């Protein structure tokens, strides 16, 4: 549902951030990249992202100038910088950026920031019923680490195998725990059943594929539903709209 724009004149950095960060786990279904501030500004105006990650030193339009251009927009900013960019960083302080990250980017640090940001985004007042449905559907997926070993192992199995036609038994067999204990413990810690979590996670993953304009029957197969009808049923169950309605809304 959320969108992010990554702006850096070094291709290896912007593509690295795009590919290495598990954006969908943080509800960012669309990731755009730009090689300078001019490209970024065009993308920002066109797509209205919730998050912009930008370098400071860039050709044509630097990061500080970009911040000036988007200061009135409702989006969060993370600045990328080198050790010798302190003067530029001071100039960006007035824009109340979300955080600063030094290059090379520590992905663990970035994911910690994203974890906090996505909770903040999902806690915002909802402007439409569709936003509220999204919040309700994916709220249980926000927490990605629990105190219980078996719960964390089940979550890991879901994220590795959601695209397959798996059962609860398939997910817990590698963990060496009884089915009844696993189901009871998961429900106690997460608040929903393993099957419910699996289906919500599949629907979350399907949003990224919908944004890429895959056919709906292809998406159903790619996220692990045995039938197209089951994909549509669960999509409407959680988001209160059909996949086709979602496509229309996203245009």
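Placed from the backbone N, Cα and C atoms, the Cβ positions cover glycine too.
Record features, source Swiss-Prot:
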type	residues	note
DNA_BIND	169-190	DNA-binding region
DNA_BIND	216-239	DNA-binding region
DOMAIN	3-118	domain 'Response regulatory'
DOMAIN	152-249	domain 'HTH araC/xylS-type'
MOD_RES	55	4-aspartylphosphate
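Using a Cβ-Cβ cut-off under 8 Å and counting only residues 6 or more beyond its ends in the same chain, the DNA-binding region (216-239) has close neighbours at 130, 133-134, 136-137, 161-166, 198-200, 202-203, 205-206, 209-210, 246.
The list of residues near the DNA-binding region (169-190) in space but at least 6 beyond its ends in sequence, with Cβ under 8 angstroms from a Cβ of it, reads 140, 143, 146-148, 150-151, 153-154, 157-158, 161, 197-198.
Across the domain 'Response regulatory' (3-118), the DSSP tally of helix, strand and coil residues reads 52 helix, 27 strand, 37 coil. Shown for the DNA-binding region (169-190): DSSP residue counts in helix, strand and coil, namely 19 helix, 0 strand, 3 coil.
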